[in-house]
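> One structure, pasted below without further comment.
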Amino acid sequence: MVHAGYFVLGLLTTTVSAVNNVADLVGTWSTKSRNVLTGPGFYDPIQDKLLEPNLTGISYSFTADGYYEEAYYRALANPTNPECPRGIMQWQHGSYVVDSGGVLRLTPIEVDGRQLLSDPCAADKGIYTRYNQTETFNSFKVYVDSYHNVQRLDLQKFDDSFMHPMYLVYRPPQMLPTETLNPVSHSKKKRHVTRETHGWFRLTDLVKREEILNPDRWLWLGLFMTAVGGFTFIYS
């Protein structure tokens, strides 16, 4: 019985060690499709635009010195019209810490985050906004996935549910520079971006008019939708 107790304790110690090993986080991780990756292929800070991947997915990157970046591209169900799903793209970066209890806390650079919400079957515009969302993960675990035989990252959210598993794609990580990329000036600048249309669901095809809004106002996103093609007007 004593030996069994030590055996169980050893397993628990191994698990905690794996969960709390910050060095294991380092790299770029992506969900199964591996089409969504952090870095310049998802967000172009010079043109200030999000670049749509071929498939939906999630990606996180972490550095050894406490910086992170994330990229989301998701389809949102439309209960009132299942044939018209909405799409959302989100990008942000900032710093992270892991506390003594193994809790992972992500703090984004407030002015840099971006979100694009599109709905092809509703009104005449989509909304491109600043996006700022701190995140807390109760735990993380890195291990070799027995099926795919690659390193896997499991993130447990603040409500104890788990995100979709992510798999290691790059180490060192593929990321944009970790400093502020879009410092806010007192004067507003307007830019015009032309986009061609090819289909009815791809986000780049759904955007007719996009606006960078004050982050305090982005809760109104649900009131605005998207139509096909045209010019994009971005305010920063």
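Cβ coordinates come from backbone N, Cα and C, glycine included.
Pulled these features from Swiss-Prot for this protein:
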- 1-18: signal peptide (SIGNAL)
- 19-217: topological domain 'Lumenal' (TOPO_DOM)
- Asn54: N-linked glycosylation site (CARBOHYD)
- Asn132: N-linked glycosylation site (CARBOHYD)
- 218-235: transmembrane segment (TRANSMEM)
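Mind mapping these onto the model and telling me what they sit next to?
All protein chains included, Asn54 (N-linked glycosylation site) registers 10 other Cβ atoms within 10 Å of its own Cβ.
According to its DSSP assignment, Asn132 (N-linked glycosylation site) is coil.
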> Rounded to a whole number, how many Å is the Cα of Asn132 (N-linked glycosylation site) away from the Cα of Asn54 (N-linked glycosylation site)?
25
> What average pLDDT does the predicted model assign to the topological domain 'Lumenal' (19-217)?
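The average pLDDT of the model in the topological domain 'Lumenal' (19-217) works out to 84.
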